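**Student:** Below: one structure in C-alpha cells.
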Amino acid sequence: MISLIEKAPYIPYPLALYEKLEQPHTLLFESAEIESKAHTKSLLMAKACLKLICNHNIVTITSLTPNGGAFLQKLSAFFKTPIQDNALILTYTKNKKTQDEFLKLFEPSPFDALRGLFKSVKTKPKHPFTLLSAGVFSFEMLNFFEDLPHLKAKDNTVHDFIFYLAQNLIIIDHKEKSVEILGACFDERFKTEIAQELQDLKELAKSIKSDFVPKKSKQSREVSANCSDSEFEKRVLSLQEEIKKGEIFQAVLSRSFYMECLEGLSAYYHLKLTNPSPYMFYIKDSDFILFGASPESALKYNALTNTAEIYPIAGTRLRGKDKQGNIDYDLDSKMEFDLQHDYKERAEHIMLVDLARNDMARVSKKRYCDKLLKVDKYSNVMHLVSRVVGELKKGCDSLHAYRSFMNAGTLSGAPKISAIRLIYQLENQRRGSYGGSVGYLNSEGSMDSCITIRSCFVKNNRAVIQAGAGIVLDSVPQNEANETRAKAQALIDAIRKTSL
C-alpha cells in the first residue's frame, strides 16, 4: 500500500465542502463537545474504493474504483477465495458447539471480513487514517451470533453491516485548525491518478469561502407513525407483564415516525445546528441516506492505550422551556434535579451500567466506571449518563469488544437476549440501522462508533425516524409513548425546516 498525504489550509465549513462531494458511497462524520457544543473534528470520505455488505452469514466485497479492484485481487489471495463478477463473496458458518463465552468471540464470523482489510496490508500506512473503513452495523447484526429470529425489513433496509474503504479522506481538526487530505493507493499504476485526486480536493477546499446554505422543497410537513400512542401503551403493558413473570427486568421498546424528506443534507444541517452532539453523521449510499446526531458512544477503542469505553445513557427528561420554546434556566435546573433524584430513572440507569460492566468484563482484564449519573443536555431532552472503561485482554481487538457489547443494553434491555426476543415479537420488523452503530476502524486498530439513535433513515424521499423508551415495572405507559415522540422531535423539526 502507498500512503499519500497532503496538507491544506484550514476550512471551517465541512458541510459546504461535503456538499460539493456528495455522491453515493461518501460520508461525513463530525463531533462536538457535550458541554461547550464546539465542533472538534470532521471526517469526510470523498471517495470509497471498496464496499462491504453483510447479509446473515455472507459478506460481499465489491470494488468501486480501479484502485479498489487492485486491492480486491489482494483480498482474494488473502481469503483464498476467487473473485466472481467483480465481487468477493465470503461465507461464514456459526459454530454452535462452543459454549465458553470468551472463546465464542474468536470463532469465524463476518467481522473477519473487516479484519481482513487491515491484516492483508503488509506495509504499515504512514498515517493511521490512510487505511480507514467506515459504515453501519445494524441492530440485527447480533442475529449471526445469537439464536434470534430473522425478521423482515419493512422500513429500514440497512444490511447487517455496510462498510466502505476510503480511497480519499479529508480530516479537519477544528481545535488545531488543520486539514489533512489522505489517499490510499493499492497499486503503483494508480499513484499518479490518486495524487491528482488529492490535489483536486485541496483546490476544492481552498475554494470554499462560506458555510453551507440549506435548501427548501415543497414537501408535506405531516408526521405519521407505525404505532399509535394507545397501541404503544398496550405494548408497554405487555412488557410489564413479562417483567412481573421474571422474564426480564427492562426492555427498550421503540416505534417509527414517517415524513417526506426531499432535502436530506439540509435537514442534517438544521439537526446539527440545533442539536450538536459528540457523534454527528451523514452517510449517502446508492440505496439510502442515513443521518443523525447521536449522544451515545457505542464502543470507543484506543489501540495505543488498549482501552475500550462504553457510554451508557438511560434516564430522560424534557428540557425546561417557556411558552415560546426557549430554555427557562430555572425550570431546566429543576428538571435536571428531578431527573437525578428520580428513583425509577436512577435504578434503571444503574442496572444498565451494571450490564455494560458485564459486557466489558468478557473482554477486559481491568475495568472501572466514572462520570456516574452525570447529566448531558441536548435541544429537547436531557439524559443521565455514565462511562465504563476497560483494558482489553490479550488477543482481543476492537471487534471482539464490539461483539461482546452489542447490542447496547440501553437499546435492548436486561437480560439482553431475552429482552430482544420480546422486542422482536412486539415490533415485528427489523430495526435496521436503529439501535445498531455508525463508526470507523483504522489501521492502528482503533475504533470509534456511536449508537444509531436520534437518526433518520431516508429511502425514496421517505424518512423513517425511530425512537424508543426503556420500560421497567414502574413505567407509566403514556409517559413512555411521550418520550419516544420527544426523542424524535429534533429530527422532525429539522426536516420541517426544509419545507417551503
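Just so it is clear, glycine is given a Cβ too, placed from its N, Cα and C backbone atoms.
The following feature annotations were taken from Swiss-Prot:
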type: BINDING; residues: SER31, PRO278, TYR279, MET280; note: L-tryptophan binding site
type: BINDING; residues: GLY315, THR316, TYR434, ARG454, GLY468, ALA469, GLY470; note: chorismate binding site
type: BINDING; residues: GLU348, GLU483; note: Mg(2+) binding site
**Student:** According to DSSP, folded down to helix, strand and coil, what is TYR434 (chorismate binding site)?
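**Tutor:** Where TYR434 (chorismate binding site) sits, the three-state DSSP reduction gives coil.
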**Student:** Taking the Cβ of MET280 (L-tryptophan binding site) as the centre, count every other Cβ atom within 10 Å, in any protein chain shown.
**Tutor:** 25
**Student:** What subset of the binding-site residues SER31, PRO278, TYR279, MET280, GLU348, GLU483 lies within 10 angstroms of GLY468 (chorismate binding site), using C-alpha positions?
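**Tutor:** Candidates kept after distance check: GLU483.
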**Student:** Sequence order is fine: just name those binding-site residues in SER31, PRO278, TYR279, MET280, GLU348, GLU483 with a Cα within 10 angstroms of THR316 (chorismate binding site).
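**Tutor:** Cα filter at 10 Å returns GLU483.
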**Student:** Sorry to bug you, but what's the C-alpha spacing from TYR279 (L-tryptophan binding site) to ALA469 (chorismate binding site), rounded to the closest Å?
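**Tutor:** Approximately 20 Å lies between the Cα of ALA469 (chorismate binding site) and that of TYR279 (L-tryptophan binding site).
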**Student:** Given the binding-site residues GLY315, TYR434, ARG454, GLU483, state which is nearest to MET280 (L-tryptophan binding site) when distance is taken between Cα atoms.
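**Tutor:** Closest candidate to MET280 (L-tryptophan binding site), judged by Cα separation, is ARG454.
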**Student:** Return the maximum Cα to Cα distance in Å (whole number) over the record's L-tryptophan-binding residues: SER31, PRO278, TYR279, MET280.
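**Tutor:** Max Cα-Cα spread across the L-tryptophan binders: 7 Å.
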**Student:** According to DSSP, does PRO278 (L-tryptophan binding site) fall in a helix, a strand, or coil?
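**Tutor:** Reduced to three states, the DSSP call for PRO278 (L-tryptophan binding site) is coil.
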**Student:** Looking only at GLY315, THR316, TYR434, ARG454, GLY468, ALA469, GLY470, the residues listed as binding chorismate, what is the longest Cα to Cα distance in Å?
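**Tutor:** Site span for chorismate, by Cα atoms: 19 Å.
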**Student:** Based on DSSP, name the secondary structure state of ARG454 (chorismate binding site): helix, strand or coil.
**Tutor:** coil
**Student:** To which of the binding-site residues PRO278, GLY315, GLY468, GLY470 does the lowest count of other Cβ atoms within 10 Å belong?
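**Tutor:** Each of the binding-site residues PRO278, GLY315, GLY468, GLY470 was scored by Cβ atoms within 10 Å; lowest is PRO278.
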**Student:** Have a look at the binding-site residues GLY315, TYR434, ARG454, GLY470, GLU483 and say which one has the shortest Cα distance to PRO278 (L-tryptophan binding site).
**Tutor:** ARG454
**Student:** Name, in the order they occur in the sequence, the residues of the same chain whose CB lies under 8 A from the CB of ARG454 (chorismate binding site) and which sit 6 or more residues away.
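**Tutor:** Spatial neighbours, sequence-distant, of ARG454 (chorismate binding site): ASN275, SER277, GLY292, ALA293, SER294, PRO295, TYR378, LYS487, ALA490, LEU491.
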**Student:** So if I draw a 10 Å sphere around the Cβ of THR316 (chorismate binding site), how many other Cβ atoms end up inside it?
**Tutor:** 18
**Student:** I'm trying to understand the geometry here, so how far is the Cα atom of GLU483 (Mg(2+) binding site) from the Cα atom of TYR434 (chorismate binding site), in Å to the nearest whole number?
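**Tutor:** With the alpha carbons as reference points, the distance is 16 Å.
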**Student:** Give me the non-local Cβ neighbours of TYR434 (chorismate binding site): same chain, 6+ apart in sequence, Cβ-Cβ under 8 Å, ordered along the sequence.
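**Tutor:** Set apart from TYR434 (chorismate binding site) by at least 6 residues yet with Cβ under 8 Å, we have PHE139, ASN156, SER254, LEU411, THR452, ILE453, SER455, PHE457, GLN466.
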